[in-house]
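Asks: Here's a structure for you.
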Amino acid sequence: VRLDEEDPTGLMSRVPMPTTMRLPSSAFSDGDVVFTNDYETDESGNVRAPHDLITLTHLHEPAVLESLQARYRMDQIYTSTGAVLLALNPFQNVRGLYGEGIMKKYCEQAEAGMSRRKLPPHVYAIADEAYRALLRTLDDTCSSPRGQPTTRTADQSILVSGESGAGKTVTTKFVMKYLAALSQRSIARQAPEERAYLKVQHKKEQESQTTADRRASYTAAVSRPAWSGRKSALPSTATPAGADPSDMTFLTTSNSIEGQVLQSNPILESFGNARTVRNDNSSRFGKFIEIQFTRSGQLVGANIETYLLEKVRLVHQNMGERNYHIFYELLSGAVDAR
């Protein structure tokens, strides 16, 4: 059954049908009509909502939308389509969906060698798969024409795309936080003697700066502004004392590289995010985030490139929208004129 394209009235051609049908949407432009018996249902007669949409027998648009809607109602906002992860913005906090405990589950599943489909689809699983693939390529060795062993590496990429308000910025944060947690986990699992060596090296670095610090102490004490009340700390990736290798809760220490990478997000959002009609924290620019890891899986640095900033927003905003956050933050932190 299809719409009569030659019918100038745009009405559907009438054909006797023994089975009820459902239209994919209110628009008839595509002309597709799907019968109810083309929908897969569970034992209760509800539309089947699998973790992976490719397991559906009839992979047409109505079945996909019905499955996504059914999962959304169950607060299952993540759905796999093969290697692709679909995410629906819940516009609210979903209990038990994120956090250190959930990260630990997906990490332990990967370390046990189980398929990521044993647990429900999740952005943590995508990040974990990229991380493990990166480490595998670093472990693979081959021989050069001269017979010398070389390492074949392959960078891993995670592409986060979607329309405005879909949740791309938040999803990217979850990816970065999970990768930072895996980095801290790898540090905690280093051999005790290696951690002791790193501790000694870090102590030597601190002692090497003692003389210079003493020379500048008087000048710093005199010239330090009144608002400078924060204590400085050397960047360090040392594991907190007594850290459990299976623990993933100590990743946000401000003096760690992982913590510094995560803390770059608020700065970028201040200068590049603004409120729109559909999103109070909409990114008005694109960014390419490159994170570097060592062979052991330790995060050692990151590089962030920005592009396509919406410059016109600086001088003009549509009704109901705002300029970039940084201007309002400056006004909020300013002292009232007396």
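Counting starts with 1 at the first residue shown.
Yeah, the Cβs are placed from backbone N, Cα and C, and that goes for glycine too.
Annotation source TrEMBL lists ATP binding site at G162, E163, S164, G165, A166, G167, K168, T169. What TrEMBL records for 200-216 is compositional bias 'Basic and acidic residues'. What TrEMBL lists as domain 'Myosin motor' is 48-338. The region 'Disordered' annotation in TrEMBL covers 200-223.
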Asks: If you count other CB atoms within 10 A of each CB, which of G162, G165, G167 wins among these binding-site residues?
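Replies: In terms of Cβ crowding, the pick is G167.
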Asks: What number of additional C-beta atoms lies within 10 angstroms of the C-beta atom of E163 (ATP binding site)?
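Replies: E163 (ATP binding site) is surrounded by 7 other Cβ atoms within 10 Å.
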Asks: Can you list, in sequence order, the residues of the same chain other than G162, E163, S164, G165, A166, G167, K168, T169 whose CB lies within 8 Å of the CB centroid of the ATP site?
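Replies: Neighbours found: N89, N279, S282.
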Asks: Where does T169 (ATP binding site) sit in DSSP terms: helix, strand, or coil?
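Replies: The three-state answer is helix.
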Asks: In three-state terms from DSSP, label E163 (ATP binding site) for me.
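Replies: Once the DSSP labels are grouped into three classes, E163 (ATP binding site) ends up as coil.
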